[in-house]
Amino acid sequence: MTGAAGAAHATEPSAKPYDPTEKQKSQAKTARIPIKVVQAERLKKPEWIRVRAATPGSRFYDIKRILREHNLHTVCEEASCPNIGECFGKGTATFMIMGDKCTRRCPFCDVGHGRPDPLDADEPRNLARTIAALKLSYVVITSVDRDDLRDGGAGHFVECIRQVREQSPSTRIEVLVPDFRGRLDRALEILNAGPPDVMNHNLETVPRLYKQARPGSDYAHSLKLLQEFKRLHPDVPTKSGLMLGLGETDEEILQVMRDMREHGVDMLTIGQYLQPSEHHLPVLRYVHPDTFAMFEREAYDMGFTHAAVGAMVRSSYHADQQAHAAGVN
């Protein structure tokens, strides 16, 4: 290379060194996954995929302000949920505890990866105060994966549940937990001290696609988590969710639904996977509404107490309505 082009090339800054404490998003996150993301031709979104924006006069910006004032995160923001405008506009949010840096690098997810910060001891109190201030009757609490913690964060979940119940006794609490890989027994023992009103853990996809979509996770382990919690707390509804469009077949989805029922899962959510960026796993199909309707019929035939199934359904989308329909009051 010669001339101006060569001179420009010679002065280009070298690549920024990897900093494990920095939150990595998009390409910076997925580039370090052992299983490389292979892009496919981008499919045109069908007419039934419609994202609702926040309406003028809604509580959207008010909710964002309150969250920042209390130093809280939501999975709605961190995972770029397409329903954020609708949910924030109605004054609902799914709170994400234990920071905004996940120890996993799932290439379907837009939550940032990095070495997490130490737990914030004030977070349970701040969370409880926020929920009380918003006068929420139903809340969903989720978290990043915290493989750096001996209990996977189970103790922090329990403290959050305790503080919320202390300040808002009538509020129903759903938790969407990580898989507590390598520390399941310890986590379940800790959760005994303060079980939620609904226990949610998402299987996300079919076992054939786990290595690609959920590196570091295990399908059988996730089923065991749901089954063991149900055994310990038979009166607490269990819930799990799937996303479609990663290359699964309809029969594989039906088999996962059967596996859920065999492991005591009561409630089901199924939605369409939407690619957060060009660096994430591509959408390989957009599932037709008729197919979603088929999965919903099959779910009730299998004995699920409630099934929220549709293109824009997410695990905590209208979670209060899902829980009420399943008998949680």
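Every residue gets a Cβ built from N, Cα and C, even glycine.
According to TrEMBL, the [4Fe-4S] cluster 1 binding site annotation covers Cys76, Cys81, Cys87, Ser316. Secondary structure from DSSP puts Ser316 ([4Fe-4S] cluster 1 binding site) in coil. Within 10 Å of the Cβ of Ser316 ([4Fe-4S] cluster 1 binding site) there are 29 other Cβ atoms, across all protein chains.
Feature annotation from TrEMBL assigns [4Fe-4S] cluster 2 binding site to Cys102, Cys106, Cys109. In the three-state DSSP assignment, the secondary structure recorded for Cys109 ([4Fe-4S] cluster 2 binding site) is coil.
Summarised as a single figure, the pLDDT of the domain 'Radical SAM core' (87-305) averages 93. Per TrEMBL, the feature domain 'Radical SAM core' maps to 87-305.
Summarising the annotation, TrEMBL assigns region 'Disordered' to 1-32.
Excluding Cys102, Cys106, Cys109, which define the [4Fe-4S] cluster 2 site, the same chain contributes Arg104, Arg105, Pro107, Phe108, Asp110, Val111, His113, Val144, Asp145 within 8 Å (Cβ to the Cβ centroid), listed in sequence order. Taking the C-alpha positions, the distance from Cys106 ([4Fe-4S] cluster 2 binding site) to Ser316 ([4Fe-4S] cluster 1 binding site) comes to 19 Å.
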